[in-house]
Amino acid sequence: MPEEIVHWVSECSPTVVIDGTYGAGGHSRLLLDVVGDEGLVIGLDRDPAVLARVESEPAVDRLSVFLGSYEQAAKALQASGLEHADAMVLDLGLSSDQLADRDRGFSFQHDGPLDLRFDPENGIPASEWLARNSEKAIADAIYQFGEERFSRRIAREIVARGKRREPVRTVAALVEICRRCVPRGKHHDIHPATRTFQALRIAVNEELDILTRTLQQAPDWLSSGGRLAVISFHSLEDRIVKNAFRDDDRWNVLTKKPLRPSEEEVADNARSRSAKLRVAERR
Ligand SMILES: C[S@@+](CC[C@H](N)C(=O)[O-])C[C@H]1O[C@@H](n2cnc3c(N)ncnc32)[C@H](O)[C@@H]1O
């Protein structure tokens, strides 16, 4: 929802903007125009591949990109000699580059190692997460983060394979389990593995905890009148953003209901269909 981001961020005439999820830099490029010649865009991304790409390209004036979670925004501000930003943008989820990389496990259309980490240099891959957790913990994660009704069956199969000394290590192995456990039906018009992969990605990257902690701290990072815009793709994420904005009186909520992408954008990019944008202003 790039046009909406530019609209809501421009309204507060920012000089310093944090792009907490730099990805391919699409938002940052637009935000460079918003901050003007004297301004600065600070990008953050957890994925070392994103930083490697940025470093292999010619440096861009007024843009600093850091490797790290958006939860570390205060450190990035400090490293830039600043205490506050005037706006911050979060575009949650994964990028098309990550989806296309067969070694990361994000796309269940291609086989590869079942990793699913945004930062493959830290934490544990999804295959290891499955090996270390109990059947109940796996089922709960798939149910809670993926809203998958057949979570218990899937977890049972995963654990049974481990007991047979055939642990689930690859994308294809997990897809095969999902196909067997999730019946095609009116509630399952999507690929049978979609919800399970989403749930595991959220669990392995601790996405909801990081988002929750960040929303609690973000008012400290923004100047008065500054704005935070969050694009989420999952109902749990959206609920976290909605409640954090509503329950903290340092925020003035600017979007009573979440904004949705235009039909044109969805036609152009099918992955945007579940996007929801919420914006709040620091009082
Ligand atoms: C949807 S993409 C962002 C696309 C970007 N807005 C653009 O225009 O190219 C999401 C990005 O957020 C990154 N990401 C996910 N969780 C993160 C976190 N906690 N901190 C920083 N980056 C994160 C992912 O690695 C991915 O590159």
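Placed from the backbone N, Cα and C atoms, the Cβ positions cover glycine too.
The S-adenosyl-L-methionine binding site annotation in TrEMBL covers Gly25, Gly26, His27, Asp45, Tyr70, Asp91, Gln98. Taken from TrEMBL, the feature compositional bias 'Basic and acidic residues' covers 262-271. The region 'Disordered' feature in TrEMBL is assigned to 262-283.
Projection of TrEMBL feature records onto the structure.
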residue	record	Cβ neighbours (10 Å)
Gly25	S-adenosyl-L-methionine binding site	22
Gly26	S-adenosyl-L-methionine binding site	15
His27	S-adenosyl-L-methionine binding site	27
Asp45	S-adenosyl-L-methionine binding site	26
Tyr70	S-adenosyl-L-methionine binding site	24
Asp91	S-adenosyl-L-methionine binding site	22
Gln98	S-adenosyl-L-methionine binding site	21
Check: same-chain CB within 8 A of S-adenosyl-L-methionine site center, minus Gly25, Gly26, His27, Asp45, Tyr70, Asp91, Gln98: Asp19, Gly20, Thr21, Tyr22, Gly23, Ala24, Ser28, Gly43, Val50, Ser95
Secondary structure content of the region 'Disordered' (262-283), with strand meaning DSSP E or B: 11 helix, 7 strand, 4 coil
Largest separation between Cα atoms (Å) of residues that the record links to S-adenosyl-L-methionine, namely Gly25, Gly26, His27, Asp45, Tyr70, Asp91, Gln98: 18
